[in-house]
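Listed in TrEMBL for this protein:
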type	residues	note
DOMAIN	9-73	domain 'SAM'
REGION	75-100	region 'Disordered'
COMPBIAS	81-100	compositional bias 'Polar residues'
REGION	113-133	region 'Disordered'
COMPBIAS	118-127	compositional bias 'Polar residues'
TRANSMEM	159-180	transmembrane segment
TRANSMEM	200-223	transmembrane segment
TRANSMEM	323-342	transmembrane segment
TRANSMEM	348-366	transmembrane segment
Amino acid sequence: MTNNYPECWTNSDVCLWLKDTGFRKYEESFKKHAIDGEALLMLTEKDLKEDLQISVLGDAKRLLAAITRLNRPGLPGFSDPHNSVPQAASSPSSHNNHQYKPFTLNTLSAGLPRSRSRNYSSDSQASDLPDQSRVGNLRRASGVATQLRPEYFRTAISFLYVLLVTWITAFVMVFVHDRVPDKERHPPLPDIFLDNVPHISWAFQLCEITIITLASVWFGILFFHKHRSIACRRFCALSGSVLLLRCATMFITSLSVPGSHLECAPRGHSDIWTKMSQAYLIWRGGGLSLMGVRTCGDYMFSGHTATLTLLNFFITEYTPRRVYYLHIFSWVLNMFGIFFILAAHEHYSIDVFIAFYITSRMFLYYHSLANNRALQQRDSFRTKIWFPMFSYFEAHIDGIVPNEYSNPLAAGKFIKLAKSLFVFVKSSVLIGKEKTN
C-alpha cells in the first residue's frame, strides 16, 4: 500500500476508495477524468453533477459528504482504502464503543491534531482553530485559501471602479447641495443626540484627522501585506459599493440641515461645466473640509462614518490577533470619529447609525462569502446574479486570505513585477496587431 494521506492517493487509490464506500459504478468516470487524491478533495457538487455525470441526487450528496469526511479524517466515517478493516473483523468491544460513543465537541477535537498554525492569524480567520498537516498546496482544515494569485488586472478594474464611483459621488454632492431645503422654512429635525449635546465647532476637523490617521495605518499594512493585491481589490470593491449606495440614498431624499450653525443655500442655476468643475474640486479634496471642501445636503447617510468604519474593519481583518493593541487603537479612533461627527452637528444620529450598520454588514457579508467557499457553491447562480462584482473579483480565491507579510522593495520582487508587466504589455500589443490584421 502506498500512502494513508488522501491527498497523496493515485487514481487507482481513489477507485479503491470508491469501491469501499459503495460508489463503484462511478469508477469509470473517475478514471476518465484522472481524478487523483488531490483532485478528489477539491471536488464540488457542481463537478460531480456536471463533469462526472452523477445524475442521481442522493448519490451526489452522499459522495460529497464522503469527500468532506476525507478532508476531516478525525470525524466519524473516515475511510482509508489502504488501512480499512472490515466491521466483522473488529472486536465486539471496539465495535460497541464506536457505535454508542456520543459525538460531541470533545470527540471532534480528539480526532484532530493539536498543532496550531502561526501564519494565519486574523480576527475572522482561523488562527485559533486546530490545523492539519497536509502535503502539497491543498486547503487546510482551517479554511486557508490554496489559490492566492495576485491577479493585477482584476485589481486594476476594482481601482477604476472606485475611481468612477468617487467621481459620481462628487457630482451627486453638487446636485444635492443645490437642492438643500431652505433653513428658514425647514429647520433642523428633532434628534435625541443633537438636542442634548452642545455643538463643538472643532470636532469635525478632529474626525477628519482620525480618518487620515486610520487611512495611513491601513495603507502601511497594505504596503507590507504579502497578498496586498487581493486586499486592495477588496477594499476598492467595498468602498465603491458603499459610496454608490450612499449616492442613491442622498439623491433620493434631501434632508434639512442638522444644525443651525450651517450656512447652506443653493448656488443658483449653473451650466453643466460649472457643475463639473465644482465636482472636480470635491473629488480632488476627497470630500474633506480640511482640504477646503464644504457641501450640504449629503446627509443620508454619513460618508465620514462609512470611511471610518471601513478602514477600521480592514485594519482589524488584515492584521494578526496578537497585535491587539492596534485593533483597540483602531476601534477607539472609529468610535471617537463617530462621536466627533455628532458633536460637530454635521450629521443626524440616524445618518451615522445607518452608515455604520450598512458598512459593517457589507464588509461582513462580503468576507463571509469570500472565506466560505461552500456558501458560494450552494447557489452559485444566485450569487452571480445578486453579487456579480463579487463573483468576478473572488472567482479564483477558495478560502481565507492568510495574514502574511513581505517586503515589496526587495530586488527580486521588482524584477518579477517588471517581467509580469512586460508580458502583459507584450500580449496586449500582440492582440492589438492580430485585430488590425
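Cβ atoms here come from the backbone N, Cα and C positions, even for glycine.
Helix first, then strand, then coil: DSSP counts for the domain 'SAM' (9-73) stand at 46 helix, 0 strand, 19 coil. Long-range contacts of the transmembrane segment (200-223) within the same chain, counting only residues at least 6 positions beyond its ends with a Cβ under 8 Å from a Cβ of the stretch, are 231-232, 235, 261, 288-290, 304, 307-308, 311-312, 314-315, 318-319, 326, 330, 333-334, 336-341, 343-344, 346, 408. Nonlocal intrachain contacts for the transmembrane segment (348-366), taken as residues 6+ away from its ends with a CB within less than 8 angstroms of a stretch CB, comprise 189, 191-194, 234, 237-238, 241-242, 245-246, 255, 258, 299-303, 305-306, 309-310, 313-314, 317, 338, 341-342, 390.
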